[in-house]
Structures are given as structure tokens and as C-alpha cells.
């Protein structure tokens with residue numbers, strides 16, 4: 001590249017870098033108007049065509065030296081023509097300028113048109129170089145062929161896109177014409193002024209004519225067609241408006257015609273009047289907008305090379321058609337499920353309406369609400385009806401519908417084993433009898449030899465299975481006995497032949513009658529010498545239990561758990577009673593049943609002993625038990641075996657629950673985790689509401705609390721109870737509740753199944769409570785924390801000891817009993833005023849005696865005036881401890897001197913006696 005066109009030598013300036021341009025390329029810069037007086041230099045490159053045939057090659061005249069410089073200058077305005085250039089001389093066969101501009105290193109050698117460049121023979125090339133040249137030539141030819149194929153495909157694609165665009169434009173024009181015709185047909189009155197004003201836009205004849213230059217600007221049109229580089233011509237749409245581009249396109253056609261050696265399309269170029277270029281005035285927004293976007297590219301129908309997509313055009317047509325035909329979308333009426341309470345936002349979502357519309361309706365009704373406000377079902381039903389929807393009202397309890405008490409087809413029901421509950425008084429041999437039946441030794445594992453848990457077992461007799469439920473007999477386990485009676489088919493009432501009917505025996509009879517289950521009386525301990533079975537039968541008559549031997553319908557069997565006598569007869573009686581009851585269940589359905597017992601095991605987590613009453617329970621199923629749910633991880637029998645399924649009347653331990661359910665809760669299998677979570681959350685809400693209502697009912701206002709404390713003086717003994725199973729905790733809570741009196745009661749701050757943890761210690765510290773562990777222990781961290789905080793932890797494994805210790809501790813909270821003992825009376829004979837001592841009463845003891853330090857009352861006219869203690873008691877001048885009746889003495893009161901002659905002084909002794917519950 002050189003600084004001037006005259007210098008043909010290859011040189012590099014100090015400020016420019018040496019670059020090689022591809023052949024056939026010319027480059028220039030133009031100035032693009034950016035608006036508001038701003039311009040930008042744009043580099044434009046143009047590729048020239050090569051002559052494909054030797055006869056098409058035209059002799060090219062050299063370009064004027066100043067032409068490239070002027071081409072690079074910015075145009076003064078996009079709508080004005082370039083300054084007129086002198087008409088170039090006729091074409092003469094001169095060296096081609098295009099090659100000279102593109103390859104400045106080649107010298108310009110004049111040659112005639114009939115002279116052809118002779119090939120240069122390179123004799124000094126080696127064979128390897130010749131082969132490389134041939135390979136390069138072959139590769140170049142292959143690339144040219146590929147480029148030609150690519151260009152052909154590109155032309156085809158452009159032609160197809162142009163056809164699609166023209167078809168869309170034709171469709172749009174036809175649609176607009178049809179719409180215009182429809183509007184004119186519908187509104188003939190409005191069409192008349194439009195027709196009258198129609199000729200007004202025709203102003204082409206009134207345009208001022210101006211002589212057009214005979215020769216256009218060289219930059220716009222060149223006679224030789226290749227004199228100036230393409231950089232002098234800016235790209236379409238770069239800096240000129242649409243009008244100027246249209247004119248230049250026409251001039252381009254003339255250029256192509258002139259390039260073929262004559263006027264364009266055989267016409268003589270004559271001067272034409274210059275058409276005024278109409279430019280649309282720019283608005284402020286367009287002046288500020290310097291960025292070209294798709295939205296702003298197609299303005300007022302200008303042909304900028306972009307067009308809307310077919311999808312956008314269809315959407316636009318559909319929208320316009322709706323607006324013309326005034327179509328309204330069909331209102332969809334939906335069935336809206338309304339709970340007892342719902343937020344406005346959720347209601348609008350269920351109706352598929354906007355929350356704003358719902359709020360507007362409420363504002364019209366005079367209610368100002370927000371989308372997050374909660375409304376009741378009545379208002380929600382009114383809103384849904386206003387919006388044209390139907391309503392289905394449900395309650396929160398409907399989430400439990402369809403999971404319990406599902407009716408079965410009679411043909412699907414098959415016989416199932418009976419569920420037998422062993423009930424009776426404590427120490428009457430219930431567990432020993434069950435051990436003899438199961439050939440096990442459960443009694444040895446029970447603390448104190450008494451049953452404190454409810455257990456479920458299954459035995460087999462003559463090929464038939466029997467499920468036994470063992471209940472505690474202690475008075476504290478009333479709830480356990482009630483649960484056992486409700487979940488059973490047959491109740492075995494165990495009565496000791498040497499002890500006859502006892503209070504828990506009567507309670508068990510009442511539970512069985514309340515549950516409506518038949519009773520089988522097992523008279524135990526007949527191996528003892530003092531046993532009297534007939535006495536037991538006679539006592540049962542008092543409680544409306546009529547055995548068969550006494551003319552009734554209740555079966556009775558005399559058994560001995562120690563020797564195993566008549567155990568087979570007892571099992572036969574159970575099977576006979578089960579056959580009479582005709583017990584059936586459907587194993588081919590989802591399982592449901594009752595939680596017998598639940599505990600928190602350290603290694604296995606929450607463990608629930610359940611009795612399947614219907615259906616079949618399998619691992620992997622999702623169950624809901626009370627307010628907890630979980631996926632069954634394993635099923636364990638009473639013998640410790642893992643089973644794959646548990647059918648009707650089968651007791652198993654279930655592992656995998658999210659929490660520890662309450663004993664006595666119903667459980668059922670549900671289809672999904674979402675349903676289980678929904679039921680669990682509903683039951684948890686119910687439990688929280690009940691607890692809050694109970695606490696609020698107990699708490700009341702501060703004034704009520706103070707009044708109650710002053711009037712009743714009830715003291716509370718706070719406790720934190722942790723047990724091994726839920727049933728034991730329930731029994732302990734019930735037993736402690738019975739210890740309460742009008743003055744003191746036990747308040748259970750927290751109770752739960754599982755070991756004692758640090759959180760229990762923190763809770764006990766905050767509430768100043770003692771911690772009781774029943775068959776559980778505290779971990780090392782909890783013990784250390786309790787020692788640091790000074791919290792007492794007591795461990796028990798027998799409920800007797802627990803109740804006795806709590807009873808003694810609660811007795812200490814009772815205010816001691818104040819017992820007053822009369823000592824004697826003295827009459828005041830004279831009152832003396834002694835310096836430094838005060839008033840001293842001279843008295844005579846008229847009844848009993850007077851003791852120093854005892855309590856005294858000053859009685860005047862049979863009214864107690866003062867009550868206090870004696871300060872001094874003297875006989876003559878000596879201090880004495882007591883003065884008997886008939887003697888005189890001097891007495892002075894503490895902090896009281898209003899004594900008069902004739903007053904009576906009563907002396908008494910006060911004793912405080914400790915009370916017990």
C-alpha cells in the first residue's frame with residue numbers, strides 16, 4: 001500500500017501496518033448519520049466480478065487519481081446527490097484499473113486488446129514444487145466448485161423465502177381489501193365522505209419540476225461501469241432514507257445497462273425532472289434512539305429487508321378479526337372446591353380468574369381486602385357464583401374420607417383368626433397364663449413381676465391361629481385395658497380362685513361390656529389349697545356375669561397357669577366362641593387397624609405395635625397412624641422374625657414411621673405420600689387447636705389467675721416424664737392426676753417416649769421441673785448437663801415406686817396444718833408506765849397458766865383487740881418462764897401499749913403439723 005496512487009513501489013508507512021487484501025476486493029469508508037448531528041465512519045468492502053470468458057473481458061480505463069479520495073469522503077447529506085464530476089473521456093483500451101487498485105505491487109503495463117498475457121514458464125521450479133503447485137491448483141478448483149454449489153443453494157433459499165414473503169403480502173393485501181369491503185358494506189353512510197375526499201391525495205402533477213443533470217454523479221453512475229471502486233457507493237440502508245435508496249436502485253439498473261455498452265434496456269438517457277425526495281420528519285423519540293431494533297426497522301412500510309414471521313402475522317390477523325367481529329371468548333364454568341376457609345389468591349387460582357378482578361368485586365361490595373386475606377366459605381361461594389362457577393363445599397375432615405371403614409363385598413371376605421384380650425386384676429396370673437399358652441416366660445422380664453406394657457402375641461391351636469393381647473392389671477393402666485377391649489373379639493376374664501373378684505376385675509367386666517365383646521371366665525390358681533372356684537362364680541353374679549354352670553351363657557374354665565391344667569380346654573372354648581361369632585375379613589385390600597403400643601427405640605427409631613384388622617400390610621406401603629405417617633420399612637413379629645406381609649388379626653411391629661403415634665390410634669394405608677402428609681397435617685392442626693384451647697381455658701386472663709391463686713392457693717408440682725412406651729406414659733399421667741387435691745396438683749410439662757436428652761434438661765430448667773425416667777436412661781451428655789444445671793433426674797421401673805415418691809414430694813408442697821392450744825387467761829388489774837420499758841400490765845392469772853414466748857390476745861369487751869407475743873413476764877422483779885393460776889405478774893406486749901384496766905389477756909400455743917396426701 002502507498003501514500004499516493006502515482007507511486008507504484010511497495011512501501012510501508014510508519015503509522016500503518018502491512019496488510020494483504022484478497023483479490024477482487026475494494027475497500028472504502030463512508031459516513032453514517034446517527035441523528036442529532038452525530039456521524040460514524042463505516043468501512044465498506046465490495047467484491048468485483050471476474051470475467052468468465054475471454055471475450056467478456058472489457059478494456060478498463062484507469063481511474064482518476066482523485067476518485068478514491070473523494071469516495072472516502074463523507075457525504076454531506078444522505079438525500080443530496082454528490083458534487084458533479086467531469087464527464088470521463090471515451091473508453092480507451094488502457095490497463096485495467098481494478099487489478100491495479102487491488103494489487104498495487106504489479107506494474108501497469110499498457111497492452112492492446114488483442115494482446116493476451118503470455119504464461120510465464122518457471123523452469124527453475126523443482127518437481128516437488130511443481131507437484132505442490134498442482135495440488136494447490138486442484139484444491140483451489142475444488143473450493144471454487146464448492147463455493148459455486150453453496151452460492152446456488154443460497155440463491156434457491158433466498159428465492160423460496162422471497163416467494164413465501166410475497167405470498168404472505170398478497171394474503172395480507174387480500175385480507176385488507178376484504179375487510180375494507182366489509183366495512184364499507186356495513187357503514188354506507190360513513191363511506192360517502194370518504195369517497196368525496198378520495199381525490200385529494202393525488203398531488204403528483206402539482207410537484208415542481210426541476211431540470212435533472214444530464215449526467216449523474218460519477219459515484220452513482222459510471223459510463224464504464226467499473227471506474228470507481230464500490231466503496232464509493234454506500235450499502236443500501238446504511239445512511240440514506242428509503243427514497244434515496246429507491247432512486248439509487250433505479251440508477252443502478254441504468255448502470256447495469258450502460259455496462260453492457262449502451263443505454264439501459266435500449267433507452268436513450270435523457271434528462272428527467274428531479275423528483276423531490278420526501279422525508280418523514282423525525283420525532284424526539286427517533287432522534288434519541290440510536291439503536292436499530294426489529295420493532296423499529298419496519299417503519300411506515302419501508303423495505304428494510306425484514307418482515308414479520310408467519311406466526312406473528314397469523315396472530316395479528318386473528319386479533320384483528322376478533323376486534324372487527326367483536327368476538328368474546330366463551331366463559332368456562334368450573335367446579336370450585338371450597339374448604340371452610342380459603343385465601344382470595346387461592347380462590348382466584350381455583351376459578352382461573354385474576355385476583356385483581358376478585359378484589360374489584362369485593363370493593364364494589366364495600367369490602368377492602370388483599371389477595372392474602374382469608375375468607376370463609378360463604379363469601380367464597382358468593383364470589384364464585386358471581387363469576388359463573390359452581391361450588392362444591394368440603395370440610396377439612398374430608399381428607400380422611402375413604403381410608404377407614406371401607407365396605408367390602410361379602411364374597412371377598414374370608415375367615416380370620418380371633419383376637420383375644422386377657423383382662424383381670426393385678427397378680428391374678430394373666431401373664432403367667434399367657435406364658436403357659438405360648439410356652440414363654442414373659443413374667444421374668446417384667447419389673448416387679450407385674451405387667452406394665454400391653455403386648456400382642458399369636459399362637460396356634462389345632463392348626464388355627466389365635467391372637468392374644470395381654471393388658472396390665474394395675475389400676476393405673478385403665479386406658480390400656482379399655483384399648484384392649486375395643487380392639488378385641490373375645491375377652492378372657494382371669495380371676496384368682498383364692499382372691500375372688502377385685503376392683504380391677506369389676507373394671508375389666510365393665511370395659512368388656514362397653515365394647516360389646518363376649519366374656520370367657522378363666523378361674524386361675526385352682527392348684528392352691530385355699531382355692532374356691534364356686535365363690536368366684538357366686539361373686540360374678542353380682543356383676544351380671546352368668547356362667548354356664550350357673551344357668552347362664554358365659555363360658556367358664558378352671559385352669560392353672562402353674563401346672564398347665566385345662567389350658568387346652570380354654571383354647572377350645574376360645575375357638576368355639578370364634579366359630580359362633582363367624583369372624584371374617586378381606587385380605588385383598590388396603591390394610592387398616594389399631595396401634596396397640598408405640599415406643600421410640602434408640603436403634604430402630606419409632607416402633608409401633610399394630611394389630612391389622614382388615615386387609616394385608618406389606619413393607620414399602622405408606623401408612624398414616626394418628627398424626628404421623630411413614631413408609632413401612634420392616635414388619636417384625638413377636639418372635640423377632642421379619643415377615644413380608646401381615647394379614648387380618650396379625651400383630652406386628654412396624655418400623656419406618658416419622659414419629660411415635662399414640663396408643664389406640666387408628667392406622668390405614670394410603671396411596672401416596674402427598675395424601676399421607678395432608679392427613680397428618682390435618683390431625684396435627686386438630687391436636688394443636690385442642691391443646692391451645694385447653695391451655696387457654698386453664699390459663700385465662702391474668703386477673704383470673706391471680707384471683708384463683710388467692711382464693712384457692714393451688715400449688716403445682718411440675719414434672720417432665722420420659723417413658724419407654726406411650727402406654728406407660730399415659731398410665732403414669734393418669735395416676736399422677738389422681739394424686740391432685742384442691743391445694744396441690746402435678747403439672748406435666750412434657751411427656752414422651754424415648755430416652756432423656758439435653759432438650760429435656762433445658763425444658764426442665766426453664767420450668768423448674770423434675771425429670772422422671774420410666775424404664776429409660778439419660779445419655780452421657782444429658783447427665784453432665786443436668787449436673788451442671790442442678791436438675792434432678794429420677795429413674796423408675798415400677799409404677800408403684802414412682803407414684804409413692806411423687807406423692808411424698810407433692811405432700812411437701814402442702815401448707816402445714818396450724819393447730820392452736822389454749823393455755824390460760826389473765827385479768828389486768830393495773831397499768832404501770834415504766835421509764836425505758838413502756839407500759840406494763842399488772843395481772844392476775846385467773847385460768848390455766850401464762851408462759852413466756854407464747855401467743856397472746858388482748859380481749860376488751862369480748863372483742864379481740866390485739867394478737868401478738870409477750871415481751872416480758874415478771875413476778876415481782878424476776879423474769880419467769882411461766883406463772884400459774886392465782887398468782888400475780890407483770891406482762892408487756894411487743895410493739896403494743898394500749899392496755900386498759902379490766903382487759904383480759906388470753907395465752908395460747910400454736911403447733912404446725914405436716915400434712916400428707
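Cβ coordinates come from backbone N, Cα and C, glycine included.
Check Swiss-Prot against the ranges 400-407, 408-415, 416-423, 424-431 and you find region 'G1' recorded for 424-431. Of all ranges given (449-453, 454-458, 459-463, 464-468), Swiss-Prot attaches the label region 'G2' to 449-453. Given the ranges 524-527, 528-531, 532-535, the record in Swiss-Prot names 524-527 as region 'G4'. Swiss-Prot lists region 'G3' at one of the ranges 434-437, 438-441, 442-445, 470-473, namely 470-473. When each of the binding-site residues 424, 427, 430, 526 is scored by how many other Cβ atoms sit within 10 Å of its Cβ, 427 comes out lowest. Mean pLDDT for the region 'G4' (524-527) in the predicted structure: 86.
Counted with DSSP, the compositional bias 'Basic and acidic residues' (126-183) comes out as 57 helix, 0 strand, 1 coil. Taken residue by residue with DSSP, residue 430 (GTP binding site) is part of a helix.
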